[in-house]
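Visitor: Copied straight from TrEMBL:
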- 60-65, 199-205, 230-234, 299-302, ALA367: GTP binding site (BINDING)
- SER64, THR205: Mg(2+) binding site (BINDING)
Amino acid sequence: MISMLYFVVESMGSFCSRQQPLNEVDSDENKQAAEIDKRIDRETKAEQHIHKLLLLGAGESGKSTIFKQIRLLFQTGFDEAELRSYTSVIHANVYQTIKILYDGAKELAENEPNSLKYVVRTDNKEIGENLSEIGSRMESPCLTKEIAKEIATLWNDTAIQETYSHGNILQVPDCAQYFMENLERFSEVNYIPTKEDVLHARVRTTGVVEIQFSPVGESRKSGEVYRLYDVGGQRNERRKWIHLFEGVTSVIFCAAISEYDQMLFEDDTKNRMMETKELFEWVLKQSCFEKSSFMLFLNKFDIFEKKVHRVPLNVCEWFKDYQPMGSGKQEVEHAYEFVKKKFEELYFQNSKPDCVDRAFKIYRTTALDQKLVKKTFKLVDETLRRRNLIEAGLL
């Protein structure tokens with residue numbers, strides 16, 4: 001009996017002595033859990049101070065160029081590895097551009113009344129056929145000095161130059177001339193793309209990409225922090241926007257005002273400006289944007305101011321009531337103000353009465369102009385900060 005009691009007491013003592021390490025483990029786990037909770041709390045609070053910007057627009061509106069400019073302006077930009085990764089993209093862009101021009105020349109030579117001016121010289125046809133075949137490949141070869149010379153020869157053919165002047169009906173990229181003027185540099189063995197090359201490079205956005213930045217510096221104390229989302233602009237990409245619509249501080253809508261005489265890449269029967277108009281209307285009507293500010297970027301002004309002298313603004317159905325008033329800079333400003341007014345009217349026609357007082361600003365932009373983009377985003381930042389102060393009752 002005594003020995004039994006001794007065993008029980010000893011066993012209880014052993015059990016009690018084993019409890020201490022378990023308590024220490026529990027304590028450590030509790031500390032870790034508390035730290036995790038604190039971190040989640042800090043991140044949640046930090047997220048509340050990050051403003052969500054949604055960059056929208058139709059395909060070829062220049063959204064992605066603006067997105068790249070933000071990386072260059074307000075982040076560390078592109079490191080050498082990223083720059084090098086654009087080499088194959090730029091080479092592919094060159095091949096695709098010359099293919100569009102050569103194939104376009106053949107099409108115009110067959111269908112246009114004055115067709116002889118689109119007929120490529122006999123000694124350049126073989127070059128054209130070869131380059132067209134390369135441009136249709138899924139993977140383009142590296143651009144060599146020899147091929148660059150052939151592209152330059154074809155580019156300088158009078159028929160290709162005539163075709164280039166009709167680029168609006170052939171889906172010729174805006175950056176075609178830039179590519180052709182830099183062929184020799186692009187074909188160097190140790191070529192590394194410059195920041196400007198990257199800005200001109202065309203990669204169709206698929207899915208969603210994001211970037212976090214502050215227009216006045218890295219430190220959060222020095223200004224607002226924004227998270228900018230860029231999404232694919234082509235029709236088949238737009239279904240991917242939906243999940244991003246909630247909690248948006250501001251919608252930045254890009255409209256390429258130079259494309260009033262061009263057709264969609266994905267539908268050559270649809271005018272690009274009409275598509276932009278309809279897309280802007282649709283975005284404005286989304287209930288999830290009722291409290292979101294709207295920043296409208298009337299983009300590609302650099303192309304617009306040159307084109308408006310050659311192509312009447314009223315070739316676009318939406319602008320059919322436009323009346324030119326002169327020439328030179330005066331006409332450019334008159335045309336720009338007309339387009340701006342059309343978008344203003346569209347905004348107010350498609351905004352509910354209780355939404356018309358949300359922040360709405362229009363900016364004239366050229367996505368390739370870094371100084372202008374920087375100035376524009378600082379103005380956007382000021383507008384949104386002022387809006388936040390008003391909503392907080394501090395103004």
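Cβ from N, Cα, C; glycine included.
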Visitor: Counting Cβ neighbours within 10 Å across all chains shown, tell me which of the binding-site residues SER64, ASN299 comes out on top.
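Guide: Of the binding-site residues SER64, ASN299, the highest Cβ count within 10 Å belongs to ASN299.
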Visitor: Per residue, counting other C-beta atoms within 10 angstroms of the C-beta, which of the binding-site residues GLU60, ASP302 reaches the highest number?
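Guide: Going through GLU60, ASP302 one by one, the largest Cβ count within 10 Å is at GLU60.
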Visitor: If you count CB neighbours within 10 Å, which one among the binding-site residues LYS63, ARG202 has the smallest count?
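Guide: Among the binding-site residues LYS63, ARG202, the lowest count of other Cβ atoms within 10 Å belongs to ARG202.
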Visitor: Can you give me the same-chain residues 6 or more apart in sequence from LEU199 (GTP binding site) with a CB-CB distance under 8 Å?
Guide: THR65, LYS68, GLN69, LEU72, ALA367, LEU368
